[in-house]
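Each remark here refers to the structure printed beneath this line.
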Amino acid sequence: MKSLLLTVTLSSLVATLQTYDDLPFISEEDKLSGVWFIKATVSQRREVEGETLVAFPIKFTCPEEGTLELRHTLASKGECINVGIRLQRTEEPGQYSAFWGHTLFYIYDLPVKDHYIIYCESHPFQKISQFGYLIGKYPEENQDTLEVFKEFIQHKGFLQEKIGVPEQRDRCIPIHDSAHQDHKC
């Protein structure tokens, strides 16, 4: 019975999103205010084989209409890097720009409550880099939204092998921290 329900739910989600150009953009920035969890990522870069993909919560704030601020921690080579990005809404629906217009963010509202896709195109130095995130309000996996994300990124030209489902962690602890030598970021 559960598999039948899952199949029906998934089929309706996929049918709803048949044309991904019609996937609705977020309508109100304040819907994103709060803490979010990265459920899946995709990027053109090849990730290091055998290395665990780790994600930390993202915090969005909406200081004024048309502006989103994103605070996030990244782990790189055992170091914790705190990142703050200010996104400014453009004239295009669902589009936000950052880094002097070199990076465009598109925020898609999914039919599953409290889930969004953030798709980014970065154009620094005439190179184009694309990446995407499936985010949710809660850290637990949601198979339905993951399937929608897979279909979405395939439509954008990514290979499914590039999808990463990260291990959720509350906070980043640098590996050089002697109290936590066994804990890698």
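Cβ coordinates come from backbone N, Cα and C, glycine included.
Given the structure is predicted, the values throughout are model-derived calculations rather than measurements.
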| CYS172 - recorded disulfide partner, Swiss-Prot, among CYS80, CYS120 | CYS80
| Which three-state DSSP class does CYS172 (disulfide bond) fall into? | coil
| Across all chains shown, how many C-beta atoms besides its own are within 10 angstroms of the C-beta of CYS172 (disulfide bond)? | 19
